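Participant: Sharing a structure, written as structure tokens. Questions coming.
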Amino acid sequence: MMLKVTSAADVTSAHIDLDVDAVIIGSGAGGAVMAYELAAAGKSVVVLEAGSYVPSTQFNETFPDMLELLYEEKGNQATKQGDLLVLQGRCLGGSTVVNGCVTFRVPDFILEKWGKEYGLTNLTPEILSPYFEKVERNLSIHINQPHEINENSRKLEAGARALGWSVKPLSRNIKDCALTGHCLSGCKTDRKQSMLVTYLPWACHHGAQIFTDTFAARIVTENGRAKGVQATMVDPVTKHKVADINVKAKVVIAAAGAVQTPLLFLRSEIANSSEQVGRNFACHPSTMIVAQFAQDIFTWRGAMLGVYVDEFEHPDKGGFVLEGGGAGPIELGMSTEPGTGKAYLDFMSRAKNYASCISLIHDHNVGRVSLVDGEKQIDYQIADADFPAMKAAFKAAAKIYFAAGAERVFLPTGDKRVIESEEQIDTVVDGIENHPFALRMVSYHPQGTMRMGSDPAKSVVNPYGETHDVKGLFVCDASLFPTSIIVNPQESVYALSNYIADRILEDANDYFA
Amino acid sequence: MTKPIVPESIQNEIVSALAPMKRRRFLTIAVHGLLVAGAGSLVSACTESPVGDMDAGKALSSSQMAFFQRLAQILLPTDGTEMAPLESVPVLRNLDEMFNGMSAQIRSDLGKAIDLFECGGLVMGWNFSRFTRMSEQDAVLYIDSWQAGHPVLLGIATVLKKLVYAAYWRDARTWGALQFAGPVSETWGLPSLGEAPLPLLQKV
């Protein structure tokens, strides 16, 4: 199966001019859904993707290789000070190709907050519910069945149950999961229902054109209205420019993600009367807590993510979730600090005995994405106000694992912190201070840099996804979220993108006349 | 927790030197911090003298290759364990390839971090030795002291360790000792499901 795309290798002309109804920048969760919905409604659509088209036949299930092939900056995209990796897909299909398949609807309490504090009274559970139902049908989203919950997740489940805490199977967008555990390296057998095998081919079926290796440099506007995009196609191997691509469009839609979308707007010097473009970055800083058991667990075997502890999900109860997430040797070997030399090899020699879980916190939007000397810069340091949630997540995970019979728990810190018994939990965790490199953090969920809201002075985008400043210019990725949503964002982006597409189509006579 | 062996007075000097600086990247800050703390000439002398006679790689210099060879020996003492012998895994080649794929800015930052780590022992912790010439025991203590020190030192030590670990564990020869199967789809003969069928057009 090969998707019909135009890549750098296909182009012989130095200039390409296109004239379409809609140009979409980015082919991930937001861009692909938007492309399909508009194309299916009969609109001419072009998708511009900065990454390359990597068919799943090239996925080799070796994480470091795939980091270099499929991820932004070969997996090296980090915050300014370097202690938080921001992992995003840079390939056709974007992060949907490399995520762990976990899906959630935006929690109702988050929607309620968005309504009260940001004027998003249109985004009620009742209005969004049909959109969630639709993408759930289209993407085979289902609650994990018993065979999709591996021994690793069963430890988390058993510990939580023993403590009387709420734990549930996760939902995932996957069909006939083969239980390889290699989700983060892309699904070689196309069982993950990523955009590569769903909305993008469906959009193509309805006539959408896709250009990969194509970097959108600027959005073009005229008299306060979006007019198109200037882009450059670059050979992914030589890094040389292959062609200039100018797209004239009646509607421009940014779906490049919470890092690249604000950078595109800043380069274009548009839609920033609120001075909020790039601000309010949040990312669910995520860590991996590792517990040692006497018996074999093989954390990397089976479905990568099985269950989650939602006991503390609401901010009033802690504002964090724990997801039973497996890890291969590479991730395991870098997730904690067991000591140097022999101590490290001793730790790794017990790899099959470890269970691991991922913590996600409901972080405040304290970060910023900006251009400094023309270069991307991500400023983010976990806020002091959010640090207690992080420590509470460690304590809860440790309690769960000891309740499940763990011998010791390794914390995801820069220095060595190992908890040998339940009695030590508070003392060891309370000793962690909030400073750079204190924790080993990763983010798969950048959000919030193009805040959505009803007040043009405090937000970039209106409640229907259109920028306050520029008519016909929309955003449909996770940068819209006014606050972090605490749970994995892909399904929320799918649904919001579909919702925004419908609003565009409702006013088709205005936008596409 | 390991007790820091970097004297607090020197750490404090570095920290106070860092405070007014507004550099973009922490590694740059760290290098300048040490320079301000009076170690500049020693660091400079250290980086100019060759450490070993190893060949340079695509991205790593001769001295950087020698540095990583010694760091890998300290971090991965596989002798007497079931782990794949360090000599059988192309750790240096893998590191060189990883560096080759990084942006020029990241490579430059890491180069400074390597220099600082290699030479820090000349001015800190009473080692009076560059890292690559320390005994195994001193080298382990030196690494642990960085991880128990100022966030900048902690950050550098953590990043260097992660690079070496990634270069080792990414090689399939290291997986057997952990009973990690690696890629399985082809071994298991899993067929691809291909594209999902087109959905029915549905209005919300």
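Glycine too: its Cβ is placed from the backbone N, Cα and C atoms.
What TrEMBL shows for this protein is this:
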DOMAIN    A:69-285  domain 'Glucose-methanol-choline oxidoreductase N-terminal'
BINDING   A:N99, A:G100, A:C101, A:V102, A:P489, A:Q490  FAD binding site
DOMAIN    A:367-496  domain 'Glucose-methanol-choline oxidoreductase C-terminal'
Participant: Which residues does A:N99 (FAD binding site) neighbour through Cβ under 8 Å, counting only same-chain ones at least six apart?
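Facilitator: Correct list: A:G89, A:C183, A:L184, A:S194, A:Y444, A:N488, A:Q490.
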Participant: How does the model score the domain 'Glucose-methanol-choline oxidoreductase N-terminal' (A:69-285) in terms of mean pLDDT?
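Facilitator: Taking every residue of the domain 'Glucose-methanol-choline oxidoreductase N-terminal' (A:69-285) together, the mean pLDDT is 97.
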Participant: Name them in sequence order: residues not among A:N99, A:G100, A:C101, A:V102, A:P489, A:Q490 whose Cβ is within 8 Å of the mean position of the Cβ atoms defining the FAD site.
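Facilitator: These residues sit around the FAD site: A:T96, A:T103, A:R172, A:N173, A:Y444, A:N488, A:E491.
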Participant: Through the lens of DSSP with three states only, how would you label A:Q490 (FAD binding site)?
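Facilitator: In the DSSP reduction, A:Q490 (FAD binding site) maps to helix.
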Participant: Ten-angstrom check, please: count other Cβ atoms within 10 Å of the Cβ of A:P489 (FAD binding site), all chains counted.
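Facilitator: That number is 27.
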